[in-house]
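Here the structure comes first, spelled out in structure tokens, and everything after it is commentary.
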Amino acid sequence: MEKMLAGCFLLILGQIVLLPAEARERSRGRSISRGRHARTHPQTALLESSCENKRADLVFIIDSSRSVNTHDYAKVKEFIVDILQFLDIGPDVTRVGLLQYGSTVKNEFSLKTFKRKSEVERAVKRMRHLSTGTMTGLAIQYALNIAFSEAEGARPLRENVPRVIMIVTDGRPQDSVAEVAAKARDTGILIFAIGVGQVDFNTLKSIGSEPHEDHVFLVANFSQIETLTSVFQKKLCTAHMCSTLEHNCAHFCINIPGSYVCRCKQGYILNSDQTTCRIQDLCAMEDHNCEQLCVNVPGSFVCQCYSGYALAEDGKRCVAVDYCASENHGCEHECVNADGSYLCQCHEGFALNPDKKTCTKIDYCASSNHGCQHECVNTDDSYSCHCLKGFTLNPDKKTCRRINYCALNKPGCEHECVNMEESYYCRCHRGYTLDPNGKTCSRVDHCAQQDHGCEQLCLNTEDSFVCQCSEGFLINEDLKTCSRVDYCLLSDHGCEYSCVNMDRSFACQCPEGHVLRSDGKTCAKLDSCALGDHGCEHSCVSSEDSFVCQCFEGYILREDGKTCRRKDVCQAIDHGCEHICVNSDDSYTCECLEGFRLAEDGKRCRRKDVCKSTHHGCEHICVNNGNSYICKCSEGFVLAEDGRRCKKCTEGPIDLVFVIDGSKSLGEENFEVVKQFVTGIIDSLTISPKAARVGLLQYSTQVHTEFTLRNFNSAKDMKKAVAHMKYMGKGSMTGLALKHMFERSFTQGEGARPLSTRVPRAAIVFTDGRAQDDVSEWASKAKANGITMYAVGVGKAIEEELQEIASEPTNKHLFYAEDFSTMDEISEKLKKGICEALEDSDGRQDSPAGELPKTVQQPTESEPVTINIQDLLSCSNFAVQHRYLFEEDNLLRSTQKLSHSTKPSGSPLEEKHDQCKCENLIMFQNLANEEVRKLTQRLEEMTQRMEALENRLRYR
């Protein structure tokens with residue numbers, strides 16, 4: 001009876017009183033409810049305006065437990081539909097999700113599911129009653145972890161979009177709600193808690209946000225829930241201050257009607273400034289009395305123990321854990337306490353099973369460390385090793401060796417004895433056969449056994465025979481008959497007059513009155529020693545068109561180049577000079593080569609920093625280069641004609657296409673060098689649609705357009721494209737690439753300017769070897785159509801092909817280097833040539849359309865200068881008996897380095913006189929030796945190629 005009275009009292013109280021702050025709203029709602037018989041939804045008359053452009057993430061959590069009957073469940077759905085009427089629903093305004101819960105949580109739709117209000121209304125009306133338990137805490141946890149995740153459509157916290165939960169429940173939860181609700185509120189979620197009927201009001205307050213009078217509501221039954229519609233319209237449509245003001249909250253900003261409050265994350269407390277947060281350390285603040293460890297938990301603390309200890313009943317002290325004392329350890333043999341746990345051990349002769357509890361007798365052979373090579377046999381307390389048939393056990397009692405019947409029986413095999421499983425047999429080497437006695441061997445004579453058909457020689461091989469020809473003959477295609485070798489016809493003999501076949505090669509011959517020079521190809525008149533009064537004291541030696549005097553052994557030539565004196569001290573003793581020994585009367589001094597200086601011991605040499613030790617005269621950058629130096633210019637500049645000053649490349653227009661060899665002979669490492677070479681050329685140009693336009697082709701067995709003339713308007717983007725260029729690494733179809741360049745690259749469709757604009761057109765073709773197709777046709781067409789062709793060859797590039805590609809004059813358009821180490825020098829020369837062409841094109845008004853104007857007149861290129869050193873002038877005790885060919889500019893640079901550029905304005909003739917100085921002759925000899933070394937290396941390469949060609953011809 002008392003329970004019935006209490007129930008009636010609570011029902012009446014719930015019908016009369018909600019919360020003080022909402023009394024007027026509920027009173028207004030009740031008056032509306034009394035008029036419900038006149039209209040289906042009279043509360044909609046209160047919706048004077050919707051929450052237009054209001055941004056919010058709203059999730060309804062609906063109690064769908066068995067205590068809610070079908071009629072009440074329908075009332076809840078009507079209430080939700082009424083709330084939806086004043087919301088501005090859409091992806092950029094209010095997003096709506098809905099969960100209903102009983103014993104489990106069902107996600108009806110998430111925040112990202114629907115984009116229109118009509119879709120949400122249909123989904124609400126289709127909901128089915130779960131009719132199970134009341135797991136309110138589980139539903140709030142689901143909303144916190146999943147419903148408000150960005151994956152489900154919630155907007156990031158940094159956007160300050162309000163997150164709102166509206167939860168409707170009619171009974172006491174079957175799980176804990178206070179802790180999970182507090183956690184949700186701490187993350188910034190605003191919770192409205194609506195209780196219907198006999199709901200514990202304290203439970204509602206533990207769910208809803210503060211102040212409770214604005215966020216916690218209690219109605220008597222589900223028929224009265226719709227009276228709250230206008231209340232929520234006012235609360236949901238109020239401006240969210242967190243998104244409109246600079247709130248300065250350190251962790252979370254929580255919207256409250258007309259204002260906001262700051263909240264901290266779990267484990268933090270709000271400072272007195274009501275915006276910043278600090279960690280809440282209750283272990284430090286209170287006398288916790290924990291014996292070992294104190295651990296902070298949200299709003300409190302707990303005591304914990306170290307590993308191997310357990311917390312006593314008082315929750316403060318710690319006692320050691322005896323894990324083995326418990327009867328459920330399960331160890332079959334022995335239990336041993338360990339740190340924080342226990343472990344099982346087995347008696348001797350047993351091993352612990354994988355379950356770590358039971359034991360099994362040890363199978364010694366089953367363990368992987370018994371060491372038996374063939375077979376392991378268990379014994380009572382150990383094991384023993386056995387060998388397979390045909391093997392015997394070694395002294396280590398584990399490994400086995402094969403029984404060597406050949407060694408035991410001494411069978412007398414002439415070549416090889418082969419062991420079998422239980423015996424042996426004799427075997428002969430390849431090309432031999434076993435005699436009937438089964439022991440000795442005889443060579444197989446294939447030439448005698450069959451009609452070999454060789455015209456000249458038959459040669460036995462291991463398995464057969466081959467025909468060979470006598471010296472001076474080549475084997476024919478039938479591999480049997482022979483033809484005499486015409487060496488003069490097979491090779492580019494290079495003889496000046498006539499070529500004569502020899503037994504193994506050819507020889508050049510000269511007409512009467514001439515003799516063959518040392519190159520073995522060109523001819524010279526009879527030696528000067530026989531024709532004139534040479535005046536040599538000891539002996540005269542002809543040297544091509546001249547002669548040199550030589551001295552007998554033990555003597556050296558004097559400075560006059562004719563008379564002799566005894567050998568110098570440098571040759572007579574072990575002088576110890578690292579570089580050069582120079583005679584000085586009856587003694588000697590040590591000197592160093594150019595680029596080095598003498599060490600303190602007077603014998604060893606140390607390398608100079610040429611750029612620091614000389615007045616190099618470089619306007620921008622000096623770079624050490626072996627025993628000398630070279631000048632370089634900063635980006636956007638090119639080296640002037642004097643090799644020292646720098647000048648800015650003109651900004652004139654040009655259409656330039658690179659044709660780059662990407663064949664496998666180049667290699668990936670050298671391909672990177674070529675990319676740097678291209679980047680250096682680009683740096684010297686002004687890249688823009690009105691100035692320089694640049695395209696790039698890479699070719700191998702196919703041609704790939706890396707970028708066209710129209711692709712890039714800046715050097716930065718262009719260089720980035722060059723850096724990302726992938727190496728093709730196949731064949732070398734240079735002719736195909738030239739065809740592609742001629743037919744496509746200079747078309748207006750790919751960015752070339754019309755011929756009528758008279759913009760110069762140029763192509764830089766880079767290759768490192770012989771092309772697999774013809775290059776002349778398309779190179780000729782390109783040049784005939786006004787495209788200036790620059791040819792750059794490295795390594796095995798063929799000079800004839802480079803000449804076919806390059807425009808005239810070739811000394812300005814053809815560049816060759818033996819390896820990639822000199823690519824910088826080629827780059828500087830090429831940039832200089834292109835810049836000169838641009839300067840020239842700027843100054844010419846009537847040049848033919850599409851033709852790159854010829855460069856302005858420059859100082860004539862250095863001609864090869866032949867220097868015959870017949871006497872030593874002022875250089876004592878030094879003799880040069882060879883003739884070398886060098887370019888004049890190399891010699892000039894050498895003397896300029898030696899003189900430290902003290903006379904930069906001097907004429908070349910004045911500088912030539914300095915070549916006769918002793919140190920310059922030493923430099924000259926060093927340069928000559930280097931050139932001879934390079935020529936020798938190239939000669940060796942040509943010899944190897946000739947030998948390969950002869951081998952192919954021999955077996956063709």
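Cβ atoms are placed via backbone N, Cα and C, with glycine included.
Since we're looking at a predicted model, the values are computed, not measured.
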Exercise. Looking at Swiss-Prot, which one of Cys577, Cys605 makes a disulfide with Cys590?
Worked result: Cys577
Exercise. Choosing among Cys294, Cys303, Cys318, which residue does Swiss-Prot name as bonded to Cys305 by a disulfide?
Worked result: Cys318
Problem set entry | Disulfide-bonded cysteine for Cys523 as listed in Swiss-Prot, from Cys510, Cys529, Cys536 | Cys510
Seminar exercise, completed: As Swiss-Prot has it, coiled coil corresponds, among 59-97, 176-214, 644-682, 917-955, to residues 917-955
Exercise. Can you tell which of Cys277, Cys290, Cys294 is bonded to Cys283 by a disulfide, based on Swiss-Prot?
Worked result: Cys294
Problem set entry | Integer mean pLDDT for the domain 'EGF-like 7' (484-524) | 85
Seminar exercise, completed: Cys549 (disulfide bond) falls, by DSSP collapsed to helix, strand or coil, into strand
For this session: Within 10 Å of Cys365 (disulfide bond) by C-alpha distance: pick out those among the disulfide-bonded residues Cys372, Cys385, Cys387, Cys482, Cys536, and say none if nothing qualifies.
Result: Cys372, Cys385
Exercise. If you draw a 10 Å sphere on the Cβ of Cys482 (disulfide bond), how many other Cβ atoms land inside?
Worked result: 18
Exercise. Looking only at the domain 'EGF-like 6' (443-483), what are its DSSP counts of helix, strand and coil residues?
Worked result: 4 helix, 14 strand, 23 coil
Exercise. Which residues of the same chain, at least 6 positions away in sequence, have a Cβ lying under 8 Å from the Cβ of Cys376 (disulfide bond)?
Worked result: Tyr364, Cys365, His370, Tyr383, Ser384, Cys385, His386
For this session: Express the distance between the Cα positions of Cys564 (disulfide bond) and Cys510 (disulfide bond) as a whole number of Å.
Result: 34
Problem set entry | Summary of DSSP states over the domain 'EGF-like 7' (484-524), given as helix, strand and coil counts | 4 helix, 14 strand, 23 coil
For this session: Specify the nearest of the disulfide-bonded residues Cys372, Cys499, Cys536 to Cys523 (disulfide bond), where nearness means the distance between Cα atoms.
Result: Cys499
Exercise. In sequence order, which same-chain residues at least six apart have a C-beta under 8 angstroms from Cys510 (disulfide bond)?
Worked result: Glu496, Tyr497, Leu516, Cys523
For this session: Compare the C-alpha of Cys372 (disulfide bond) with the C-alpha of each of the disulfide-bonded residues Cys400, Cys454, Cys495, Cys508, Cys549, and give the closest one.
Result: Cys400
